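Among the features that TrEMBL reports, compositional bias 'Polar residues' is placed at 515-532. Annotation comment: TrEMBL describes 33-110, 317-393, 404-475 as domain 'Immunoglobulin'. Residues or ranges marked as region 'Disordered' by TrEMBL: 513-532. The signal peptide annotation in TrEMBL covers 1-27. Annotated transmembrane segment per TrEMBL: 482-503, in sequence order.
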Amino acid sequence: MAPSGPQPALPTLVVLLGALLLGPSNAQTSVFPSEVILPRGGSVKVNCSASCDQPILLGMETPLPKKEILPGGNNWKMYELSNVQEDSQPMCYSNCPDGQSSAKTFLTVYWTPERVELAPLPPWQPVGKNLTLRCQVEGGAPRANLTVVLLRGEKELSRQSAVGEPAEVTTTVPVGRDDHGANFSCRTELDLRPYVLKLFENTSAPHQLQTFDLPATPPQLVSPQVLEVDTQGTVVCSLDGLFPASEAQVYLALGDQKLNPTITYGNNSLSAKASVKVTAEEEGTQQLLCAVMLGTQTQETRQTVTIYSFPAPNVNLTKPEVSEGTEVIVECEAHPRAKVMLNGVPAQPPGPRAQFLLKATPEDNGRSFSCSATLEVAGQLVHKNQTRELRVLYGPRLDEKDCPGNWTWPENSQQTPMCQAWGNPLPQLKCLKDGTFPLPIGQSVTVTRDLEGTYLCQARSTRGEVTREVTVNVLSPRYEVVIIPVVAAAVILGTAGVTTYLYNRQRKIRKYRLQQAQNGTPMKPNTQATPP
């Protein structure tokens, strides 16, 4: 990558001509400055001088572009060197009458790295595993002053010298959950402060680390072990102790059927819930799979689910509606591997079919016949039930229980005459006195003398008719006046008789005890209640 730090400016070095030292004998060549540090592509002015006053020859030898500047003197010249790309050692030389000599100036070129790049991090890094950071640096000089720093955020992890081209610096760090989402980078530092310049820094683009922690325990899978065709079941898959839970994915499938779970995330847990409906094509044994995927790892659990088909048993009647006295066959039939019970009675021998014969009576009207079938599936017992109702047609009925033959009511009281006729179909009921005066069955009436008399109740349906006489007696108020004093007198006489009996009994007991005491006979303690 291109360096991101600032490039130094190109200073112009002006060399001041110093005093010339003339030696009495040996020739000497001088160069100023003797050492220069400059940015790559920069220029510098260098002065070459000879010790003799009139040198025969004075010049500079260098592969760099050079240009003589200023008029110069008898024994000195100034050159400008430009576009200096790398370290160089230009040489000044002179030829004096007393000899030849030369001198070098040392040019050091500096430049910041052209590429500082942190190698890509793994997409996911397991917690507890060491992470190797790798930084590559291309270019940059002088290398003796170039350092590579590996960073976590702003925290320094490692500091090393840049060696080789390109330079590669590595370090290994442990990884924990708190490193999830942390930024890692590397930085180069070109320290030219010893040369009275500054510290130049280039930093790579940061890379964010994603860590994960998936426990070694498999997920917990809760589902029905058996599932009936065309029914719906619920599957729940959960796992605790994973990090970060929100980044985990869940795959749920029953055989070839992929399920669509609803996932609920906790701090370090997840729960995936899905509904599953099976068809007849899936009948048999299927594998239920729950896989939790996080980072580069997967934990899975498998469970066997048995898909079965079990229709409800059939309850058949010879006819659902028959006349009283008709023979009816009740039959129950279920799955070939099932065992049935008909009205609570197991089939003999145990099997998928049972039946019995009955003669229809009025009491069988509306009777339900229940068939219960049991099937064993993968070690579990599943049950199905079916019921059918029998209707029995029979003629009208009027009996004493539901239609009393005699009513006695006080005059002017409120009463409700009740008479219930039975039959299938339900008969119509009429109660008439003298063929015209109706008895208001089921209605509240005030009892009057007109209500008294004998009524003929008739119940009629398509199955026939029956009749019954019902008598209504009305008590006048004078009977009540006579009855009340008689009852009161009986109560008074009864009370007086009981009182007289108890008094005479206590008097006889006291007299007996007195006689026993006079005769000197010891009395036994009374440990029992006095008999009545």
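A Cβ is built for glycine as well, from the same backbone N, Cα and C atoms used for every other residue.
On the 0 to 100 pLDDT scale, the domain 'Immunoglobulin' (317-393) averages 91 in this prediction. With DSSP states grouped into helix (H, G, I), strand (E, B) and coil, the domain 'Immunoglobulin' (33-110) comes out at 0 helix, 50 strand, 28 coil.
Counting residues per DSSP class in helix, strand and coil order gives 3 helix, 49 strand, 25 coil for the domain 'Immunoglobulin' (317-393).
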